[in-house]
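Working notes for the structure below.
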Amino acid sequence: MNLLLISKDFCYTDTCLIKSPGRIEVSAWRGNVQGEIMLGIIYLLLAGMLGCEASKMLTGEGRSVSGINRIWLILPASFGVGILLLTWTVYIISWFFSVVGKAENPLLYGNIIGMTGAAVIIILISVWKYKRQGGCRNWNTDKIQDKRRLKKEILLFGLLTVFITYMMFYVFYIKDGILYSGLTVYGDYAPHTAMMRSFSAGNNFPTQYPHYGGADVKYHFMFQFLTGNLEYLGMRMDFAYNIVSTLSLVGFLMLLYQLALRITGKMCCGVLALFLFFFRSGMAFFRFAWEHIQAGNLVETLEENTSFIGYTVNENWGLWNFNVYLNQRHLAFGLLMVTLALYLFMDWLEAGTAHEEKGILWIKNRIFSKEGWKSRNLDQALLMGMFLGLCAFWNGAAVIGGLLILCGFAIFSDGKVDYAVMAGVSIFFSCLQSKIFIVGSAMSPQIYLGFLAEDKTVPGVVKYLFWMSGVFFLGLVLMVWCMRRRERAILVSFLFPVIFAFVLLMTPDINVNHKYIMISYAFLTIFWAWAVCSLWNGRNGHSGIQKIMGKILAIVLVISLSVTGIYDFVVIIKGNGPGRRVTVNMNSELTQWLEENLEKNDLLLTPEYSMNEVTMSGAMLYCGWPYYAWSAGYDTNYRAAQAVTIYTTSDSETLKKTVQQEKITYILFEEGSEFEQQECREETIAAAYEKVYETQDGRIRIYKTTE
């Protein structure tokens, strides 16, 4: 979501670019590969090959499913598992060399050891398999079952990859040394790019939050570490960010398609589910269109409008549309791993729902019978729990949402011990990471009923859901009573994150709960796709008129489920087009100076910057744009008050005492800047500290507060 208004640094990054001959590299080794993409590609290939071997312990080798092309399960599983294993390995090694070994360039050691180790493991496994099998095994024997469908699927995912790649680069790209970020997304990119650069251009170990430096890291940052490491390996930042984002989202959608195919048995349902994923349901467009029809200016408004529409609280931020996946790139990676877990645990759910008992007796046996608890595959549960737990600092909301759905699965499944083990291992690894990275409590859960509904009563929540999503959620609640046991259990489980979003608050910002609703929405598209396809195809025995009416109803249903999302997509295109992008000079002399002169423990006081030449240096800001840190759980009010004191005081002793107390090592002053709407003054700062840098235009000056 884009909560950031156009801030002061937008102007100078957009129109007052600082020119310089080029960027000076942090290290000689990195300088040798700058501009080369090969090492980054090798990293991704190694991760994929490592993941291919490791994920076989989850997906099974040599196990075929009739009519299902398992290649679309294997490919995303390989990417997700491999990226997790290799990236955590590189991070841990780099952390050790930085914190224990005091290395200035820890990523050098992390990548050499991690990538070499991965290559050795892959070679050893390949040699062992070759000797055991006595030759090369036919690769596609268990991965491709339906060659006719495969051709259609290749076309589908090929077009999907092209579309997603285009959209990723449309909203975030570098051209002629200038970074362009679309207005609907740059608010989220600001802290993400700062975190990336803290690794690629800095030494952020132990890891801190760049917009609230000098403290712990309360934000899931590993996706940004991956991107920063790829930039360190030579990939240009936009290529690194967009490539892994595309692979993550395409991988998630491959698994969503596979899940739809497994639930419904129909390819058309999988394809339509992907369509509904991109174009959300809602009443906003219908209400918007009706208002402007009455005003007589509908056509002009549709042509000129560049803002998201909405009539529920903060809907016009783009909380519910495809923009979420463009600005919160790490969400797709988390959902990739969650969907893999759901697909695997479908075995447990199908076993539980296949029993012949009915009604209360069936429910009773799922809770009290031996089959209801006996382990079915403990090894798989342990591994899946570990991989989900390792995702906690990639996207914590995805992990929570996934565990909620799996909790629903467990209620209706056999083998509940496996669910308990999987959840326990996931929580263990999540808590372990939180203890390492976060000082104090990671979250402070509290009861908060009603989410963003203005009326927190049950009727008020129903009304909110109707205006926010149209028939999507309310229709499914009615539809569940017409389903068979298996499908009913799956649908109810998919609703668990929605219920969670309306009951609990995990962070200071209730808006963050929208992710749980988005998670449910993505999976529930399967059932609406199934309903539409069933209407379109009709039933055997239906008359010609009935079949025609079914097709008409299917078309009306698709339009009602997607027209708001389609208009949102038009707004995304218009809202991020020419003239509606924030720009940053990637070759700024200011960025170079900060990279060269600030050390890992330096803390830089600046105005409330979001994304500009300063944040691109990887420097730790004392208090950047406050929303980012506040929503992550930091005490921004305290730091903002101290920053105001430093920037406005006329007493040098107060200045020095505050600076020393807050461990600020550099102060950046910009002409005409404000902090919390108070004008910043330079006289006291200039009298107390040495000026160590000034931009060529004299607009920015930096003072060092330590000897």
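Note: Cβ is positioned from N, Cα and C throughout, glycine not excepted.
Given the structure is predicted, the values throughout are model-derived calculations rather than measurements.
TrEMBL has this to say about the protein:
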TRANSMEM  37-59  transmembrane segment
TRANSMEM  71-96  transmembrane segment
TRANSMEM  108-128  transmembrane segment
TRANSMEM  154-173  transmembrane segment
TRANSMEM  239-257  transmembrane segment
TRANSMEM  269-290  transmembrane segment
TRANSMEM  330-349  transmembrane segment
TRANSMEM  382-412  transmembrane segment
TRANSMEM  464-482  transmembrane segment
TRANSMEM  489-510  transmembrane segment
TRANSMEM  516-536  transmembrane segment
TRANSMEM  548-573  transmembrane segment
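Where the transmembrane segment (382-412) meets the stretches 71-96, 239-257, 464-482, 489-510, 516-536, the count of C-beta pairs under 8 angstroms peaks at 489-510.
Recorded stretches compared: 154-173, 330-349, 464-482, 516-536, 548-573; the one with the most Cβ pairs under 8 Å to the transmembrane segment (37-59) is 330-349. The listed stretches are 464-482, 516-536, 548-573; of these, 548-573 has the most Cβ pairs under 8 Å to the transmembrane segment (269-290). Away from its own ends, the transmembrane segment (239-257) comes close to residues 37, 40, 44, 72-73, 75-77, 79-80, 83, 153, 156-157, 160-161, 164-165, 168-169, 172-173, 192-193, 196, 223, 226-228, 230-231, 270-271, 273-274, 277, 325, 329-330, 332-333, 335-336, 339-340, 343, 522-523, 525-526 of its chain (Cβ-Cβ under 8 Å, at least six residues beyond either end).
Here the transmembrane segment (330-349) lies next to the transmembrane segment (71-96) in space: the count of CB pairs under 8 Å, restricted to residues six or more apart, reaches at least 3.
Proximity of distant same-chain residues to the transmembrane segment (489-510), defined by a Cβ-Cβ separation under 8 Å and at least 6 residues beyond the stretch ends, is recorded for 263, 349, 352-353, 400-401, 404-409, 411-412, 443-453, 461, 473, 476-477, 479-480, 483, 516-517, 519-520, 523-524, 527, 630-633.
Under 8 Å from some Cβ of the transmembrane segment (108-128) lie the Cβ atoms of residues 27, 29-30, 39, 42-43, 46-47, 49-50, 53, 85-86, 89-94, 97, 101, 229, 232-233, all in the same chain and six or more residues away from its ends.
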